[in-house]
Amino acid sequence: MGLTQYSKVGQTAKNRLFGITPLSRASSRRGHGSTPLSMLVSQQGKISSGRLAVIVIGLFTLAIGIILSSIPWLDYLILKNLRLWNGSLSYHYWQKPGVLRLTKVFIFNVTNPDEFLNHGEKPKLNEVGPFVYREDMEKVNIKFHDNGTVSFQHRKILEFVPELSIADPETKFVVPNIPLLTLTTQANSLKPIVKATLSLFLRVMTDMTPFKTVTAQELVFGYDDTLTSLANRYFPKGKRPPKKMGLFLGRNGTLNEISTIYTGHTGMHQFGVMDKLNGLDHLPYWDSAPCNSIAASEGSFFPPRAFTNSDVVHVYDKDLCRIWPLRYRHDTEKNGVNVGYYTPDDDIFQPGELHSDNKCYCPGNIPCPPKGLQNISPCQFDAPVLLSFPHFYQADPALLDAVDGLTPDPEKHQTFFKIQPKLGVPLEARVKVQLNLAVEQSNIHIVRQFPSITFPIMWVEEGVGDLPPHILRWIQLAIYSEKIMPYVTVGMVIFGASILVFIFVRAYKDIVFTQENFERGKAKFRRGSSFIVNGQHRLIILQGSDSYSLLNNATQETELDPDPSL
């Protein structure tokens, strides 16, 4: 005996795969060979390639919609490109931002130096500016570490931008003689004989006056000064100022500071936050926490508020000698992207007596300055430099009353950041600070008439404008995708399910509403109609029984005779 392969006539391999038999009147009537799958994919006893393709599309769309709505795949893609690693989108932006960074300098020109010194008038200040410098910045000497951090140095180049400036940088100004007034203020703690010797020495030097005429370029980038040069030569290491006197000295070229920040691979709660500064886990300027904390962003990225749920972020700036707490105020928009609006915390410049966290900014026996001022002398070679907001904005009114020409304005003088909450990227930032000299009256002859005063020197605005187009497009894509993706996935589920329902209905109609079923239905309908309409049939209910008989009228008349008794 041998095995004989059996194949139905007219049945293709594709039909056999899905269990579909050729349609015949008998098999159709008995339903032989029909399975749910074959019913869906077949038409007239043969597989329908078009219907099969539509079913596959429906199943695929439904499955993809369910999967995409069940896993946070979009967050994964966004975070993958947001974390810092060599080659990610965020790395290229972070390493060399290509952002227009502008530094605007406003200098207070003293218009009545003689009247102030000799007649007791308030100093009259005339603000001149801005003198605008474009800052080209990149990060160099980059090294990634196994603990999820990266070390680097900043390289900055400042270039004057005449078309955005109000005057030539060679414009001359009258400003306080900062090295001289610093020396005489510090001399108040010296012994009388030392002070007398110093006074005699300064009287011999004919170029020593309480006010000095300098250009904007000299004040910003340095000028030769005898006292500064001597201090650089003879002061102990760590206290030595630069050879020149300049408020922006050391900002051009590669900075000495080595910063180490978290890349985000250990968690977005520390993304962009500093881990080390020159190998230390604290600031060396202050003795205790929280003043010496470095748990802050260096300004490129912040821990996203969507992950931290915190209304406060921190930023570190070398020139500020501290970290600044920035508090979320409200939502706004920048370039069509939703951002959080942050300004400095209300207690940032509160005296230590009123806000205990600021007490450590008053080292030793130095009293805390009034409201609105921050002592930064430890990182300014012990020079009595005080930081404030421009025009003494939000400061003690007595500071404003001591001078003429200042008008604080929140729109012009408030520091702010606009940070995207999902990504932690600042889309715009304006840091605005004023440098003041805290002068103490001294009995040294050359400055004897200079009273104790907090004297404004200049204020600076450092800002980041619009991001590069390719970075902005990436941010917009990430944000808009997050908004529309839930609708897309739900739409895919509905679309896929609708296709399957449609195919099922079509298959059901093909099975039920066939020509053979129509003919059979018509025949049954005709027999039922004649049964109802034809008056020859009647229904007789037999008394005493639940059964009934259907009798012919003619038979009834012949077999049932009338009762003779009736």
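Glycine is treated like the rest: Cβ placed from N, Cα and C.
Since this is a predicted model, take the numbers as computed values, not measurements.
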Query = In TrEMBL, Cys362 is listed as disulfide-bonded to which of the following: Cys360, Cys368?
reply = Cys368
Query = Can you tell which of Cys321, Cys360 TrEMBL lists as bonded to Cys379 through a disulfide?
reply = Cys321
Query = Could you state the CA-to-CA distance between Cys360 (disulfide bond) and Cys379 (disulfide bond) to the nearest Å?
reply = 14
Query = Just how many other Cβ atoms lie inside 10 Å of the Cβ on Cys321 (disulfide bond)?
reply = 21
Task = Take the Cβ of Cys379 (disulfide bond) and count every other Cβ within 10 Å, whichever protein chain it belongs to.
result = 17
Cβ neighbour count (within 10 Å, all chains shown) around Cys360 (disulfide bond) = 15
Ask   = Does Cys291 (disulfide bond) have same-chain partners at least 6 apart in sequence with Cβ under 8 Å from its own Cβ, and which are they?
value = Leu283, Tyr285, Arg322, Asp357, Asn358, Cys360, Tyr361
